[in-house]
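Per TrEMBL, the features are as follows:
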COMPBIAS  1-11  compositional bias 'Low complexity'
COMPBIAS  56-78  compositional bias 'Low complexity'
DOMAIN    87-197  domain 'Thiamine pyrophosphate enzyme N-terminal TPP-binding'
DOMAIN    278-409  domain 'Thiamine pyrophosphate enzyme central'
DOMAIN    473-628  domain 'Thiamine pyrophosphate enzyme TPP-binding'
REGION    1-25  region 'Disordered'
REGION    51-85  region 'Disordered'
Amino acid sequence: MAAAATSAATTIPKPSAHLSSSSRSSISISRFTLPLSLNPQKTIPHRSLHISNAVSKPTTPAPSSSSTSTTTRQESPPRFSPDEARKGADILVEALERQGVTDVFAYPGGASMEIHQALTRSPIIRNVLPRHEQGGVFAAEGYARASGKPGVCIATSGPGATNLVSGLADALLDSVPIVAITGQVPRRMIGTDAFQETPIVEVSRSITKHNYLVLDVDDIPRIVSEAFFLATSGRPGPVLIDVPKDIQQQLAVPNWNTPIKLPGYMSRLPKVPNDSHLEQIVRLIFESKKPVLYVGGGCLNSSEELRKFVELTGIPVASTLMGLGAFPVGHELSLQMLGMHGTVYANYSVDKSDLLLAFGVRFDDRVTGKLEAFASRAKIVHIDIDSAEIGKNKQPHVSVCADVNFALQGMNKILESRNAKSKLDFRAWREELNEQKSKYPLKYKTFGHAIPPQYAIQVLDELTNGNAIISTGVGQHQMWAAQFYKYKRPRQWLTSGGLGAMGFGLPAAVGAAVANPGAVVVDIDGDGSFIMNVQELATIRVENLPIKIMLLNNQHLGMVMQWEDRFYKANRAHTYLGDPSRESEIFPNMLKFAEACGIPAARVTRKEDLRMAIQNMLDTPGPYLLDVIVPHQEHVLPMIPSGGAFKDVITEGDGRTKY
């Protein structure tokens, strides 16, 4: 993003691969730019090998020394005198402390046990022990998403490291800052197919923003500083540090003043946006009649400036799945979510707009559908921190590669200087959209005593006053949680967007609860997603985290089943998750999982009992599981079929109808 040599000599060669623009290949694969040549430096004993996947992911000024992270530096009480040698593992843990780390999610193994021993000597860092490494990396993501600070997870070599892969990919796609640390076999055994050896640097190369294999104990302070700087600067993302066991055991005196070495990366961080470009965008706003804001996860750190921009202009706001909460969903100018399962009026606004202001978004296929038809009448303005995203899917008319927050600040100043609030008048456009809101509201049907899943989320929203932190798995319940809970602020909504990783909800809630001890944290989950990381109930109980689990249990893989209903004549292809020999029973009995971990639980099957059951869940101290039985015939609507356009939107029907 050269301490004194006290370590034993090694014969392993350690060339250094630096992230300089001269060393980059001109071939860009999607958003990954791979450095393909090495720049040799003068010979220094014990240089580390950086095995890197550098992406031009910008913003944040360069720090000058190892106190480089965007997080607050935290000095630990001295466990060693300054010139006292200590193990590499202790240096690693102290380096984490110096980056402000107070919580990690670490599961031990043979190649990482030295790190765990060092963690027991730390008076600052608490380890929240997951019950699976995937639970650990998803918890680190939940921590980062809910707090804005980098999450840290630690795993052993081999299967421990490979169990992090889904979480690393998820963090890269959703731009989440995490630092993953893995143990590795000793240096002399690398490449010998040793027990529990996997080349995790190579495995994770295309799903991390950057990664390191530490080959010199003296490089640990610098590498950790760089890792946190890379994870949190520019477009955030995951960074992996692979630490061989002999490095963890080696004695050394750390040099905490080693500067970071990221010249190429630093040179590619975007600058403050040019005023002339911002003036051009403001001019387009004044010329437009039907503008709409399309805001994504890149706006989560710009919520205040975004609200000010909307107040000054009166432009309605459509949000991506990742952007929910950046602008209050309940605001009169909110169009809620757009895209495949977005509101009719949000998608209508984009289809009919003459100016699309795309801030912190990547024109994902689940938003755009058929690219040629998306915003086909509009001039497009794209502001994003990652230059690789601009023009990747949809060519903008005006583009600015910059931090959205700085761009909004600049535009707000220009708008104020032009008295935009009194001059801009989009009332006719807003009335047109309000008609669509009245004509096509989000709705659902009720059948007898059955509990509509959408109603369960509405009741939860009412009883928590829209203030809970919500995590989800992936599927129908995820979309209903996006549609029917009214998010008021950023970092309330934690979901696996780009990767769509089932099993995300429960461990993400763990991370959110650790990061926000006083908050109400609710995992809205589906039975399919929940069971994928059900073992994290043990972590929740042992840590006594007050996480509430509202399980929308329809005994099916709901979203796949919905596609079967719509496009495969309702032919069930392994989407029923119950016991076929006992279809009248709920299987598995989720209450037994909770009971096994000492967590209170209840089941509700009738709509009239639901409100009291949810209130009881919220009132019960500590963790709680509520198994809400919902009909499997429900479909997530509206729906624009994959590759379709706004004209193809589906607003009616469910699994009770044949197509």
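Glycine too: its Cβ is placed from the backbone N, Cα and C atoms.
According to DSSP, the domain 'Thiamine pyrophosphate enzyme N-terminal TPP-binding' (87-197) comprises 50 helix, 19 strand, 42 coil.
The average pLDDT computed for the domain 'Thiamine pyrophosphate enzyme TPP-binding' (473-628) is 97. Here the domain 'Thiamine pyrophosphate enzyme central' (278-409) has, by DSSP, the following mix of helix, strand and coil residues: 52 helix, 27 strand, 53 coil.
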